[in-house]
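In what follows, a structure is listed as structure tokens, so that the remarks can point back to it.
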Amino acid sequence: MTRVSRWGARLGLAGLVLAAAGCADGTTPSTDAGGAVDEKAPVTITIGDRPTPDKPNDIAAFERNIKEFMDAHPNITVKSTETKWDAQTFQAQVAGGSLPTVMNISFTEPANMIPNKQLPDITDELKLVDLTKDLNPDVLKIVQDGDGRIYGVPIDVFSVGLAYNRALFQQAGLDPDKPPTTWDEVRQYARQITEKTGKAGYAQLTKDNTGGWMLTTMTYSMGGSVQSQDGTKSTFDDAPAKKALQLLKDMRWSDNTMGSNFLYNQEEIRQDFAAGKIGMVLQAPDAYDMCVKNFGMKPADYGHGALPQDGGPHGTLTGGSIKMINPKASTNEIVAALKWIKSQEFDKYTNEQLAVQNAKDSIADRGFVGRPGITPLSQETYDRYNTWREPYNNVPVEQFEGYVESTRTLKLLPEPANKAQEVYALLDPVVQQVLTKKDADIDKLLTDAASKIDARLAR
Amino acid sequence: MSLLRTPQSGRSGIRSLATWYRSGGLSAIVFALPLVLTFLYFSWSPIVRGLVLSFQKNNLVTTPEWVGLANFSYVLTDPQLPQATVNTLYFALLALIFGFPVPLFLAVFISELRSAGWLYNVISYLPAVVPPVAAILLWKFFYDPSGAGVFNSILGWFGLGPFAWLNSPDLAMPAIVLEATWAGAGATSIIYLAALTGVRTELYEAAELDGAGIWKRVWHVTLPQIRGIILIMMLLQLIGTFQVFTEPFLFTGGGPDNATTTILLLIYRYAFINGDFGAATALSVLLAGVLCVLSVVYHLLTRRWSIT
């Protein structure tokens, strides 16, 4: 049983913590490192999120974009890496100082990174490249400090809804065009799906911080909150979160409509959903891409409804992606990086030709056009952009109707402001216990979790 | 070596220095230097740096702040620590009871085979060749909690189950130990096999003349002869099991309900989820300390039985 051969791995982990330390050596970034801006000076930037080698078409498109950008900006050299945001490794990358100049990160990060000086102040540079006016001021709040200075560029916004399998709905005798809109309906539909098809009527994310993430979403939909406005205290030890957990408990133990797997992360649950093993699951609409493209789900089977509510429309959890810039970047690098972000993420919204070309490219790369989302820009700009691209839509938009409707009616509630990922991590076991232990005491679980989380928030 | 002797006079000192030089003393140092420096830099400096980190509040970006023993008191009062400790001890215990005898039995069994021993050797070592991540993904399939899972189907033939395996707080840890035993037994049994070849055949012959059967030979000859290796392997296993990480991380992420959260997983979470490198290194230092003490106690306890 002794694992001599794997010692290395284990000791390596401890070493990794330390090695990461060795590399970074406590470098303190400064916002004014580069001095005055020189837009003509040669500058090199590194772009993260390069597609992995298993997606050759995406890589080709990525490389082509880089080449076109470099042709248009001869003084800027663009390099790329596969580095991408992952709740499990991001802190290590920040600590290791191995971040590219530009990469996508989650909405949950800036709240802690701004006070930690892990993001540069890019307010002036944003004005210089003329990006500020396009951005939706409500979304922009995510990347601003108390004085309104800006530390990142929001590019993508999502809100959580309910993904459901239309084929299973049909088999269970449910109308695939009418997804449930209340939690009572979800419970009833789940019962019907399991009864008629033998599949899990409803499944829940529970692992790698997603358990806490979805408990937060459910709590919001029941009218509750998870953290105080200022982020110093937890607020979930009350009726809405209890109701959410009680519902899960009932579906799991009384109805037995949640299948047999209760350890799911995003990828695993999408895999089972795409394989037709799950009737309904809380997801953002981007789940469509992975389910169809990676796991071979039939587009006709995919449906997306609003986040179910309990006792009146309360709202849904929103999140999204931000382009972050390395805190060590010089002013010239920041300007070059913002030009890159503008050309890749924003020009298409205001330039019809580019919007259409972009849609055509997506289709050629077996990507998707028309999947509903929420705009980081003004609704007007976004609607105009969608009109340009409508002829190229290859996503069955009508199957997202319930969701699209909800983006206009449901309030968008942000994720916890302080240490969201840590809060989620500490809530994972709560959800897991409710689903794997029949006599789980919900009141005690929430009280215990609240005291653990308050200790973390105070640290 | 002559350099170490106290020189009687300056003259003889110079002479001995010359002798030392001529006999290759300098080139020995030149040859050793890169290795020593590499070792110091890559092995010891992270250890020292980790020790320093454990006394700091440090996210590795902003200026570190000295906090004394605050990190230690924080990790020691963390409500997750008792459960992680219990889980780790539970894993070590299960691994000792079920995992430890397996490779020993395998090695003795293979060494007793007159032919085709190599084949069994290869078969038992094969799991060690499979990359841990691939092996664990494979075992996840086996542990599928639905009635259609591999293990559940097999047990179903005998009217047992279906079991929740990794989805059950009670079964998750034993399930992990089972995989870990499967994965680790081959490599360890190779070491036992090597030790077994060192047992002199006369001893077996003598035992056979005295009328000892196969079990008596194993009990009275084989095991006492390789007891040194057995004791070492047991210590190595204890240290290894206290640092178990890959399996709970990949199988369950520490769930369900923290039933498989081990100390190393907790350290990982401090560092890579919370970005709290002070707390992570503080707990690492504590774990290293406990393992050192454990090793010393173990050595003292087993000194009576060991060969040397």
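Our numbering is plain: 1 for the first residue shown, then up by one each step along the chain.
Every residue gets a Cβ built from N, Cα and C, even glycine.
Database features, via TrEMBL:
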DOMAIN    B:85-298  domain 'ABC transmembrane type-1'
TRANSMEM  B:20-44  transmembrane segment
TRANSMEM  B:89-110  transmembrane segment
TRANSMEM  B:122-142  transmembrane segment
TRANSMEM  B:226-245  transmembrane segment
TRANSMEM  B:277-301  transmembrane segment
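Recorded stretches compared: B:20-44, B:122-142, B:226-245, B:277-301; the one with the most Cβ pairs under 8 Å to the transmembrane segment (B:89-110) is B:226-245.
The stretch in B:20-44, B:122-142, B:277-301 that contributes the largest number of Cβ pairs under 8 Å to the transmembrane segment (B:226-245) is B:277-301. Same-chain neighbours of the transmembrane segment (B:122-142): 106, 110, 149-151, 166, 179, 182-187, 189-190, 246-247, 250-251, counting only residues six or more beyond its ends whose CB sits under 8 Å from a CB of the stretch.
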